[in-house]
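A.B. asks: Just passing along the structure, written as structure tokens.
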Ligand code: SF4
Ligand code: SF4
């Protein structure tokens, strides 16, 4: 027997995931047109790998295929990874990364909704640790023609030095190790910098933000995490920058570089592995920004968002437990 | 009177489906062939039967005497003959049976003599007794006796009249307000006088402009101190606590009553019944019921209490593909197990459901912690946490997360993209907790009794020993200075009493210490609900036992 309520809002997990995919479209368009068209190939490879991996595990676990495959959650993970990885990553590395995310992280924890860690970020970190060289080969925007890009992705000789140019974050970090170098001098020297960050790459930031607005408007995400994440990142970087502008990049640079915007709207906001209470979301996202900034500026890796997310994933139960909102009618006595 | 509106958090906007039934005026339902009037008017009290089979009764005649503090009188809804007094199913999810008076109407619909009550000539207590005698209870669904609710009327600032009617499909209050605004407000003024409130606020969802206009017109004739306030259409704005919040900004916690906060709330139907009872002396024998959904003639019908649903449905003509019937609204109603159940004072709506109108939800997916449920919850709970703890049978945690603050409004399940029947999990957990509670209380009592017996035996032994010692000492003393018998230890009585008192106090303390959080101060509604769940479980157990070879 079905019990009340007898009516349901026409909402579905599939709908939520689809909204996320739609929200990624502006960034994909910018990416493909400004930076590397091969990203479209990567997205396809990642999608296939994700669905195949998901199907395989479901089969092994004896679960029905259709509901899980059609909920699109695997595709979301695949797309996020493809967008995080360098666009010229060989196809097998992209596929491997996606399989790590789906098989190892998502399903070993019990499938959709069960994973305490963000699957895409676990896979990203695993790949960085396992293939540091491959994972740091980024082309400058528009540097390689499509045939070359495709050749690199599908395998073939890789002449690293010829194609690899460090990301904006990386350039700044390594550049500052030289005596006398300042942020300004580094940015002035390299033609890979645009107005505020990496040339071409900096346009990804507004595109992700646009998608984020869409998610906010649809009510898929709430303002808490993006606001706290971007706010905290801006505040911390501003503090350092104001004290020593020669050796710390501006807040604008930080917001427009690396995974900041993608992180703010699409990664930090992963509901399954993130904090859930309103105050918890603020704390969670702000802490990620703090850790990411520290890794970016002082750590061994050029980009910090992924590691920061994983670190904070561990703290989620603690954060949630201590930020339970007040229940209706219970003024001043918070739930424990 | 200027009123500022306040919001409550959460809420959802399901399609209202009010137009289907709100068009035509209230029609009087015909006198059915048979009336089944349950003596159990609510879960809390069963009336004592005053009639016998074969006896002739008139409309409004007393057939059941309300018993206990929460009892109200039961009346014959029309004139006729009592043909049977037997258990019949009542309108309840469990299909529970209850002792009912079956009346065969004579078709004359002849009233007993009834006269209005002059409120100025009687005391407040007499007026309350009058309402109790007229069988007035809350008509919004809970069926709580009105005289009891008025009873605590001390320091009440505001009387709220609930005309929000936020559940989709239901329009009986809407029609009542449109057609009988003056009567509803007359009842409101009587209630105001009885509870001693200063102002009356009538809250109506703004998707009922005609009702608002009619009520405002009627209110303008009554002068100051009464305001008809349109409230935003947002389910569950008609939840008592939500409406009070919207109109007065007061938040009444679970387990507390409005009286503690200077507000009291009555449904418009109740106000109307109060008007009839005081101004005409009419007992509550009929009510307006919405018949809607998959029917040929949706609308509102004024029907006699005790009319069986099967007969009631003929008025609206359910279509052929109707597969089940929902009593109440689609958010909080229950599926009827039997069509022989009668209309009672709390029956506001019967919806004919078809697979097209109410499709079964697609299969449940895992929770993705999207938080949609938490944003929709008007009790400001974290439904997914409650779900998780209920599912894992971690009832202690569920209580810590305020399970008993859940009003089972269904908003969370309504929005859940994974289509998890969240409310079912809460019902299960609440029932389980209550069952364990009962068991524990019973075993506590048994243990106490046992401990007390042990203690008594020990004490008796000690006393015996003491007596013997005293006697020995006495004898010795006697032997020592022959003569002068020492006074017997007669005060032994007193320390004994003190010891017993101490033991009882200890036992009481122990009992108090183990009471769980969040089940204290349960409101009558919640208790009733729990009793319901118990009854349901009892029934299931019974079925299981029957099935077992
Ligand atoms: S709405 Fe459903 S899926 Fe989302 S958090 Fe609540 S229970 Fe989980
Ligand atoms: S049913 Fe309970 S938990 Fe769900 S929205 Fe209503 S009050 Fe909140």
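Each Cβ is built from the backbone N, Cα and C atoms, and glycine gets one as well.
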A.B. asks: Looking at the candidate ranges A:38-58, A:59-79, report the one that TrEMBL labels transmembrane segment.
C.D. replies: A:38-58
A.B. asks: Examine the ranges A:89-109, A:152-172 and name the one recorded by TrEMBL as transmembrane segment.
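C.D. replies: In TrEMBL, the transmembrane segment feature sits at A:89-109.
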A.B. asks: With Cβ-Cβ distances below 8 Å as the criterion, list the same-chain residues six or more beyond the ends of the transmembrane segment (A:280-298) that contact it, or say none.
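C.D. replies: For the transmembrane segment (A:280-298), the nonlocal Cβ contacts are 169, 173, 222, 224-233, 236-237, 240, 248, 254, 258, 260, 263-264, 268, 274, 304-305, 307-309, 311-312, 315-316, 319-320, 322-323.
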A.B. asks: How about the transmembrane segment (A:248-268) and the transmembrane segment (A:12-32): at least 3 CB pairs under 8 Å, pairs 6 or more apart in sequence, or not?
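C.D. replies: Counting Cβ pairs under 8 Å, at least 3, so yes.
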A.B. asks: Do the transmembrane segment (A:38-58) and the transmembrane segment (A:12-32) share at least 3 Cβ pairs under 8 Å, sequence separation 6 or more?
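C.D. replies: Yes, since the transmembrane segment (A:38-58) and the transmembrane segment (A:12-32) share at least 3 Cβ pairs closer than 8 Å, they count as touching.
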A.B. asks: Report, as numbers and ranges, which residues of the same chain sit near the transmembrane segment (A:224-242): CB under 8 Å and 6 or more residues beyond its ends.
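C.D. replies: Tertiary neighbours of the transmembrane segment (A:224-242) are 212, 216, 248-251, 253-255, 260-261, 263-265, 268-269, 274, 278, 281-290, 292-293, 297.
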A.B. asks: Including all protein chains displayed, how many Cβ atoms other than that of residue A:167 (FMN phosphoryl threonine) lie within 10 Å of its Cβ?
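C.D. replies: For residue A:167 (FMN phosphoryl threonine), the count of other Cβ atoms within 10 Å is 20.
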